[in-house]
Ligand SMILES: Cc1cc2nc3c(=O)[nH]c(=O)nc-3n(C[C@H](O)[C@H](O)[C@H](O)COP(=O)(O)OP(=O)(O)OC[C@H]3O[C@@H](n4cnc5c(N)ncnc54)[C@H](O)[C@@H]3O)c2cc1C
């Protein structure tokens, strides 16, 4: 957003970030991604949010990691890129908001081309050791066909090599690194500033001559010295704090459910009951299966790191009328010192379950209540079971082909019962770190959606939200790429409104 808006010299952009600059070398050196960011995150760059106890996961409390640095979570995420769906995401955004001039499959296709010009997305090499065999096993056992188009038509059907926000040398690419830092926009554009270690805390309001509520400025606070500054707003405030902090910020500033705000003593500016509602996330289940047959273990094997690269299947296979409900990532992975092993992770792709994000204090430093409510819609569990069964079928095929060692003990196999699958999923499900849809866009007349189809906060003149909270429902994809397309379009909408007004 900051890059796309400030490419017009007449537009001044100030980006305020509560966290740090991107100085940790492991941001761009991805060789140890999982251990550095997933297992052992540094508090300087990552904030851990503890979710409420999940009733359908035996009371487990999810830990949501969210970034605390320039670039947001795209500076520490798993870098996986997939597109979302022409029909089941982008067309639906147009239908739901009634703003078909802003959101449609065709518009998204154009945005995706722009995106690919900006970001040289890396495709996993199909000739890599064992990928050929895994591809054959997927086709033979499940009947999926290879998706050659790499999502260019915004259709993820079939199975595809995984695609990543990184260079062939495995250096992370993020919107911040690519469009602001490496492009030198930060150094060369006088109309663009980034202020780190400052938290936005409070908006000041006034009424304009049309009696509309206008934000005149934002108080920000230095996270170290605690000194406060007032930033005067010339044109617009764009809130991009992510699906947890954005609803929290709006609620703290009097935009939310009237009863709830009043119970906390917060003056109500806009009664918008949908703020913080509709929280959605993808769940993730990991499966570590059979080892590679002993006769094959000395084969040269190039690994990126210990996450699953390989292939992604979007299932079910015949999803043309309903959208893909789950995805299965499949690879043979190797950790240093271990025999290479078949592994999958299964992600819910279009879950129906919904939770919420809600403040329970007026303190801007207090974390809000996060309740993801996984599997509250039973269909979500059914689809993860299907995905896990497909993963086991591919493993069986690879065993028949002589790639995997049949004597390895496995947690689930072809003889496992449905309740074995259910128990495994309940015990191992975790967040896929895709919190979203808590300040969703909707039709201008729909009182339950806080934003209209221009991403404007209903009831305020000059505030927009542009981040993962605005999706009307969670996209059927890892979020970063659909979010980039959304941001490209948001920048166009803002420019258009600036020239027309
Ligand atoms: C561990 C992990 C792995 C992931 N893996 C993938 C993946 O492989 N592929 C993929 O597509 N997606 C992935 N995601 C999801 C994706 O990265 C996020 O959905 C996306 O980055 C969300 O973007 P956002 O702009 O909504 O919020 P964020 O990226 O969270 O950015 C919000 C920014 O606002 C700042 N902020 C918050 N409050 C304030 C305040 N009051 N004042 C000033 N600044 C503030 C935060 O510090 C942060 O920098 C992953 C996420 C995580 C956490």
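The backbone N, Cα and C atoms fix where each Cβ goes, and this holds for glycine too.
Look at TrEMBL and you will find 77, 78, 79, 80 tagged as FAD binding site. Positions annotated as domain 'Glucose-methanol-choline oxidoreductase N-terminal' by TrEMBL: 66-283. For 351-483, the entry in TrEMBL reads domain 'Glucose-methanol-choline oxidoreductase C-terminal'.
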Summed over the domain 'Glucose-methanol-choline oxidoreductase C-terminal' (351-483), the DSSP helix, strand and coil counts are 38 helix, 19 strand, 76 coil
Per-residue pLDDT averaged over the domain 'Glucose-methanol-choline oxidoreductase N-terminal' (66-283), given as an integer: 96
Assigned element (helix, strand, coil) containing residue 77 (FAD binding site), judged by DSSP: coil
Ordered by sequence, the long-range same-chain Cβ contacts of residue 77 (FAD binding site) under 8 Å (at least 6 apart) are 37, 433, 480
What count of other C-beta atoms do you get within 10 angstroms of the C-beta of residue 79 (FAD binding site), across all chains shown? 23
